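Look at TrEMBL and you will find 1216-1228 tagged as compositional bias 'Polar residues'. According to TrEMBL, the feature disulfide bond maps to 870-897. As annotated by TrEMBL, domain 'F5/8 type C' applies to 1-139. What TrEMBL records for 145-314, 320-487, 733-897, 950-1136 is domain 'Laminin G'. Taken from TrEMBL, the feature domain 'Fibrinogen C-terminal' applies to 523-575. Per TrEMBL, the feature domain 'EGF-like' maps to 898-936. Among the features that TrEMBL reports, region 'Disordered' is placed at 1209-1235. Per TrEMBL, the feature transmembrane segment maps to 1169-1192.
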């Protein structure tokens, strides 16, 4: 049905109404047009009864240039307390007409039930006036309504033996002015009850055990906000299966039914004022259509099933509120009628979300000043005095303020709590006008305080109410930019749009997410990586890190340990009992039951296992006369539960296959007793072992049951290790688009309120669309617009918005770049790599929902230029798209994308070599003096001389470390580097000798300077090259790098400038014999002063020793059994060479949770070694040496084919290819030498 009837209710002094015809294209005349066309006009329609409105239509005034281009709609049941209609809870404006004749109809997304309708013009034809013909569409609304005053009872008792249904539903509509009270109470067997209660304007679902009010209720759910606004709100409580669904208006919260409710039946439902549980929380207001299942409880109450003051209509008190929406808002009313010594009494109520704002202003006539009543830090102040009682007044609740002046003293009462605030020493005489919420700019008085944004009501002056309707009609006072007879407050935190535990806070215009006390997101994007593999590719090393396994999805980040010391990067998740534990017989105990609680939550565990390439968990069982599987009836003695949830029964053990009921020996056929499938089942007195679980569907181990442990002689030990997983299938899920027309398609992306998109790309093209999804008008797109710019664009119905990020370096460099984009109800965000994020705020009065209907295209299927290159790790709202699987069946797109070293190769340090892998890369440290995941860990050892005192003596056995090196005939150059820390001077650091009494010595002289001694001609004295850098024996870590090319030598110490020297000899180092670190035992060929120094050894720390392609210290410490090294005496690795340690004798334990490059635990081991640790690298050269020398002089080439029992392939520190640098080549025809 439709209504065109308009009552005579309008602004009669400024408006007139002509004969009204239905808005159609038929002939007719007239329409509504106010005398003045301004923002204060409206048209009000009385529909005669409450009506369900579904649409409105507008048309311009007939035969004129008068029409509206946009307008607002408001509704009311009573003609007061208006409520604005909003589309998608945000947009208030409706599109109007473009001429006077056409009809524009708008269907309401959510029907409205109201009796009164108001239309407020916003814009109109600029060359005409406000003009309108209006039609509303709807049908009558019938309902059962009841008013409750707190002493009312309305109870329905179910018949005994009434069969319980599988689904129970209670529904109602409520309207109230009070923010607290019990709406509904359902009691059942055993004293259990459920209550729906208002508390501070929110609806709570409470569970009580026991029939007294003293029993503390358990809160099951909380929903809604500002429900005390005297508007109708829809409430539905549904019990279905094991869940309770609570719905308030359009929002639903689902909770698990507590265990005690699994067999609970309702005995009565309603509102009983005599019930002691709820009598102190009485409800004042109206209920409509209160239904239990299909039973109308209000209709039942009309049959005398009620007590107290129950009225079957909604008796609503008329309360006029006023909204102050912005900086130009103010309300001016007359001041006190008589200005005397006690001439002021003002009262009002307000509600706001802002902590600051000007509430009231008035002049002090005799003093010529102004009094300010204002909010600061959510407390009420007057002028510059101390705050009044009451705090946190920005909570959105109604708060009362009373200001009185008596006998020269201002008194402020806030929420009935009185406090003396200001005591002027003069009589107070108040001006003729009071200004609420601001002041008229024409008063020539600036406002030193922030504006007030909020609502006020119940204004009184001299204890007389202020008639705001007269103010609205311009019959009293004055106002500007106010919304009178409505409170336009909105709760932007209900429901909260903050994810992962972020706390929502708000002001009048915007909300904020506070992540300081929780692990949540900054601007919606996770600040944590999704795997240990991802942390590794950011350059991190072993340590504890937060893993956000689904990015912006609902799973909370968890703290795990990332072990990056091996080729694979392991994520380690601990539980409460990972120690090896012995189990012995206990009297009366036939089974030993154990549960394992993991440090990560359930959904996080399952997601980690799902996205990992491999997971494993140690399940060790050492047995002696303790059987696992062998029982007469066929059921096992012992078993375990593993997998999702509480786990599934597993009867296989480490090394066997699921459901096999075997151990590893049964699968391999080598059990000690062929009749059994586990060694433990042989029931012998020897110890046997069963080991590692690798079937990911059975992980993690949840519990363990050990059975055969009660017999005499039975013994067992068990260990359930941590869950270990490596690889990240999501991180490396990639596709290569080899043409600009190539694309992948997926189902429509549903990101109506929140769209989080992350991916990595690499390309050589300067532009292209990464992805797009289209709707009728809406769309979302991310593209590379130029070689240095990425653009995120979208349209949610109110025009395209774009967010740009500009890079200072080209993005088409064929290296991986990360893109993170987000769009939510508050803003849009785009981040590229580690650049600052660019943001674009959402329109304050704009659409919320992104409505898409096409497929999601990776690449583009539209006329846009497509993307050519690689995309990987694409996630939408925390869900990874399987690009590889889709690429396998799509022409023009290939699964996977190799070439990771171009992006990550720089992470391999200290001559480490980047090795490509199908998923990522690996640093090969074979040619580096360093170790670790990035060849970043120095190899250090510390030496200490014997120490003597009067009372005790510390003895250390002399140590020597000789080792073999390739015997190049001639070295025409060297690259030597090492780090040291010492307080000794003089001290010998490194000594390299030859079979021809030639040598290279690196030492610290008595003046604490570095000397490099070259003797390259045994017939001449050694040449001494002395660096100018001083104080090298100061206990600090120093790094030395020496490079020689024939007779040119450069020396660099730490970050100092290089020093260049020239040798006078021929620049050939002939037939290298050995390399020594520390004390030199064979010093017969040395000069006397050098021989004396060599016999003393070295006291201090050596690390990262590198001689051409040889890393002697690394080989001695990490590969002593497989390297051509001879070690005499104890040699233990130390961290004394760490630059982070100023004192090598202090243990260090550094713990970093994220973003570090250091291991979790580093210990400095102090060992008493003899006055020297020596590494002697030599080749056994027999009489062939003389022949070799002769051959070299003839042909300038030499090949040593004498390999003495060394397995070079096992030692990466002595590589097959001994060519080091171009300057080290011994001849014109370089060769490879094998030791």
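Cβ coordinates come from backbone N, Cα and C, glycine included.
The list of residues near the domain 'EGF-like' (898-936) in space but at least 6 beyond its ends in sequence, with Cβ under 8 angstroms from a Cβ of it, reads 533, 536-537, 539, 541-542, 564-565, 567, 569, 613, 727-728, 731-732, 762, 814-816, 977, 1104-1106, 1109, 1111, 1113-1114, 1118, 1157, 1212-1213, 1215. Averaged across the domain 'Laminin G' (320-487), the predicted model reaches a pLDDT of 83. The DSSP breakdown of the domain 'EGF-like' (898-936) into helical (H, G, I), extended (E, B) and coil residues amounts to 7 helix, 12 strand, 20 coil. Remark: secondary structure over the domain 'Fibrinogen C-terminal' (523-575) totals 5 helix, 18 strand, 30 coil, with classes taken from DSSP.
For residue 897 (disulfide bond), the count of additional Cβ atoms within 10 Å of its Cβ stands at 23 [all protein chains shown]. Neighbour density for residue 870 (disulfide bond): within 10 A of its CB lie 21 other CB atoms from the protein chains shown.
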